[in-house]
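For reference, TrEMBL has these:
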DOMAIN    10-325  domain 'Acyltransferase 3'
TRANSMEM  12-33  transmembrane segment
TRANSMEM  53-78  transmembrane segment
TRANSMEM  90-108  transmembrane segment
TRANSMEM  128-148  transmembrane segment
TRANSMEM  155-175  transmembrane segment
TRANSMEM  195-210  transmembrane segment
TRANSMEM  222-239  transmembrane segment
TRANSMEM  245-264  transmembrane segment
TRANSMEM  284-302  transmembrane segment
TRANSMEM  308-329  transmembrane segment
Amino acid sequence: MASRGDMMRYYYIDFLRGALMTVGVVYHAALVVRAENPWAIKTLEQSEVYNAVAFALHSFRMHAFFLLSGFFAAMLINRMGTPAYLGKRLNRIAVPLLVAALTLQLPAMIHRDWDTAFWLGGAWVGHLWFLGNLLAYMAALAVSFPLFRRLCITLPYWLFAAAVAGLYMAASVLAWKIPTSPWGSFWILVDFDQLLPYAAFFAAGAYLFLKPTVLEALHDWRSNLGLLALGALIIGGLWESNSGYRYFGYGLWALSVTGLLMGIARRLISEDTWWVRFLGESSYTVYLFHMPLLILGGGFFLTLNPHVFFVGAVVVVTTVCWALHRWVISQSATLAYLYNGKPLPAGWGWKLGLGSKLPEAPEAAQATKLSRAQ
């Protein structure tokens with residue numbers, strides 16, 4: 001069971017997860033101004049510089065996010081058990097996903113045809129696709145956790161890296177072969193093109209929680225630089241090829257970058273300061289709100305120089321999202337529940353005439369108190 005000391009040691013991981021979500025603003029702003037932009041919203045002038053920016057971020061960001069999410073998923077299942085974990089995660093992930101999709105995504109997609117394909121094909125979810133996949137991963141891990149724990153054996157870091165890259169490659173190739181639905185790769189909430197490949201990194205994160213020695217090895221910058229170079233060689237050598245083997249290189253690259261970032265974060269984040277806590281807590285709000293702001297607000301400035309648009313969009317959208325979280329979302333129990341999945345305070349439902357929360361047994365109350373303290 002994770003102790004408070006364990007949580008102190010993992011603040012840097014939660015910080016990194018929040019940073020990866022916040023960097024989504026940078027990624028999506030780059031997509032608006034990159035050359036050969038397929039989006040409906042694009043600047044009149046584009047720059048190939050942002051093709052490189054978008055590619056660099058895409059090469060590791062979601063891989064790292066799912067790995068860290070898998071780590072915390074295993075930790076929470078280990079601490080609170082499967083039923084309690086699933087209940088909390090349903091509120092934490094599913095509620096903000098549905099609320100944000102219906103209240104933020106749909107207004108930003110007013111120009112689309114809201115036909116059957118729009119709903120069943122997942123277009124209404126937009127950039128929140130990863131939350132649907134995250135729900136699937138969390139449910140699968142919760143159900144299989146006892147078996148998963150027994151199957152995990154301690155591996156040398158190089159073998160662990162090869163296993164993750166191999167699973168990522170196999171899953172990517174398999175994803176190509178899975179027939180799509182009549183509406184594409186999405187099915188309502190789940191993006192099947194991404195579901196299998198990123199599952200390798202989610203499982204890797206859960207494994208790292210169970211194997212602290214391998215987690216420690218993940219922070220070694222020398223090993224990660226070697227894997228980074230190997231991954232780059234594989235990707236570069238197969239760049240013009242359609243071979244699935246290049247995904248082995250992508251897997252090594254993403255894992256090694258994740259390890260390097262974790263090593264840097266651990267050096268920088270040694271305690272739970274206010275700004276570390278704020279970045280982690282606000283990252284959910286930033287990710288939910290930034291895309292509608294970028295689309296609806298950015299549409300008025302598409303004639304700007306692409307570099308000016310990019311810098312302005314990142315600064316303004318991020319600042320507005322942070323302010324929205326600080327002075328609106330975090331100040332309302334209702335909004336914090338709807339958009340961040342935060343637990344509602346005791347008695348909240350009673351005040352609205354919706355019935356009060358049943359009192360907990362002493363043992364359950366003590367466990368809840370300990371969980372909130374951690």
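Cβ from N, Cα, C; glycine included.
Long-range contacts of the transmembrane segment (155-175) within its own chain (CB-CB distance under 8 A, at least 6 residues past either end) are made by residues 63, 192-197, 199-201, 203-204, 207, 211, 214, 217-218, 220, 223, 227, 231, 244-245, 247-252, 254-256. Among the recorded stretches 53-78, 90-108, 222-239, 284-302, the one sharing the largest number of Cβ pairs closer than 8 Å with the transmembrane segment (128-148) is 53-78. Mean model confidence for the domain 'Acyltransferase 3' (10-325) is a pLDDT of 93. Counting same-chain residues at least six beyond the ends of the transmembrane segment (245-264), those with a Cβ under 8 angstroms from any Cβ of the stretch are 12-13, 16, 59-60, 63-64, 67-68, 161, 164-169, 172-173, 197, 200-201, 204, 218-221, 223-225, 227-228, 230-235, 238-239. Residues 1-2, 6, 10, 13-14, 16-17, 20-21, 23-24, 26-27, 30-31, 34, 85, 88-89, 130, 134, 137-138, 141-142, 145, 168, 194, 198-199, 201-210, 215, 250-251, 253-255, 257-258, 261 of the same chain lie 6 or more positions beyond the ends of the transmembrane segment (53-78) yet place their CB under 8 Å from a CB of it.
Packing against the transmembrane segment (222-239) from elsewhere in the chain are residues 157-158, 161, 165, 245-246, 248-257, 259-260, 263: each is 6 or more residues past its ends and has a CB under 8 Å from a CB in it. Only pairs six or more apart in sequence are counted, and the transmembrane segment (90-108) with the transmembrane segment (284-302) gives three or more Cβ pairs under 8 Å, enough to call it a contact. Just going by CB pairs under 8 A, the stretch in 12-33, 195-210, 284-302 that sits most against the transmembrane segment (308-329) is 284-302. The list of residues near the transmembrane segment (12-33) in space but at least 6 beyond its ends in sequence, with Cβ under 8 angstroms from a Cβ of it, reads 39, 41-43, 46-47, 50, 53-54, 57-58, 61, 64-65, 68-69, 71-72, 127, 261-262, 265-266, 268-270, 276, 279-284, 286-287, 290-291, 294, 298, 306-307, 309-310, 313-314, 317-318, 321.
Same-chain residues lying 6+ beyond the ends of the transmembrane segment (195-210) with a Cβ under 8 Å from its Cβ atoms: 62-64, 66-75, 78, 130, 133-134, 136-137, 140-141, 148-149, 152, 160, 164, 167-168, 171-172, 174-175, 178, 218, 247, 251, 254-255.
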